[in-house]
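S.K.: Among the features that TrEMBL reports, compositional bias 'Polar residues' is placed at 310-328. Residues annotated as domain 'TLC' in TrEMBL: 87-288. The feature region 'Disordered' is assigned by TrEMBL to 295-340. The signal peptide annotation in TrEMBL covers 1-17. If you look up TrEMBL, you'll see 96-116, 136-155, 162-181, 220-240, 260-284 marked as transmembrane segment.
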Amino acid sequence: YLILIWLFLWNSFRFIAKPCAINLGIQDSGPHRAQPNAILEKVFTSITKSPDGKRLEGLSKQLDWDVRKIQRWFRHRRNQDKPTTLTKFCESMWRFTFYLSIFLYGIKFLWSAPWFWDTRQCWYNYPFQPLTSRLYYYYILELAFYWSLMFSQFTDIKRKDFLIMFVHHLATIGLITFSYMNNMVRVGTLVLCLHDASDFLLEAAKLANYAKYQRLCDAFFMLFGVVFIVTRLGIFPFWILNTTLFESWDLIGPYPSWWLFNGLLITLQILHIIWSYLIIRIAYKALVRGKVSKDDRSDVESSSEEEEATSNSTKGVFSTSSNGSNRINGHVASGQWTEE
């Protein structure tokens, strides 16, 4: 029921986010639409969305069009079905509201929890630890939200890190469910709060980007990068993994689910390393170019990329929209940073 509630709230939230976007000057206009052409449309829908060099040459002779013109047509055709900036703004505003709210709730709840200050408290009297109502609702709200993300991922844009995000959602849902069923909710709350610490900053950067506040976008993204790397590459392995791998072993021994639980956590850590690498690449480009550049996961293709690909016809059309967002989800063309 909570999953349906989250999906309902997301659709209802647009009525709040849309006026905000309009006041910021964000228009409900999508990418440039491709010129109607029955032959190219048939190739696009029935054969391939990214024709190779040989097919491009054949279409060029058949239509008497320049190869670059055909490449631009396919790029526009791929982009025209993408959501508008207004839609993306509403989505990011919804996620920003949730991530910030749940993070503040988690900090307020954990501030008075003894295991927040001493992780060994996560394992004292385990598994006979009380499940309070505040802890229960914290867990259920997070679980339902990630399930909603899992479902919406298949109806959203297919981005380059689709598989990584799919694994991330599976691991997250598995960890939340597994820790709840095994009453490992104390350490579970630490993991949840730690992951929420940087997510709302990323959404804030995306909101600033959609509103074309470049400096604010850059500032939020740099802050997000610092918090992400500190929490995911510093606090997570030396605080969370330390207590689940070593402190739990010392206090309660190698319980049967120890390997599965820690295997899921290590999977998350591997994903943290991959995302940190992408963030550092974007930050490096920002230092070189003077502003945060295009996200490597961008789902909207730029004309500059198309022009570059043209120089080598054997490679065909260069497409950045293959399965793969955000997270760090990208949406706009080159020269701008965009969204998970």
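From the backbone N, Cα and C atoms, a Cβ is placed for every residue, glycine too.
Remember, it's a predicted structure, so these values are computed and weren't measured experimentally.
Could you place these features in context, so I can see how deep they sit and what lies close by?
M.R.: Residues 13, 122, 134-135, 138, 141-142, 145, 186-187, 189-190, 192-193, 196-197, 199-200, 203-204, 207 of the same chain lie 6+ residues outside the transmembrane segment (96-116) yet bring a C-beta within less than 8 angstroms of a C-beta in it.
Below 8 angstroms of C-beta separation, residues 139, 142-143, 146-147, 149-150, 153, 187-188, 191-192, 195, 257, 260-261, 264-265, 267-268, 271, 274, 323-325, 327, 340 of the same chain, each at least six residues beyond the ends of the transmembrane segment (162-181), sit close to that stretch.
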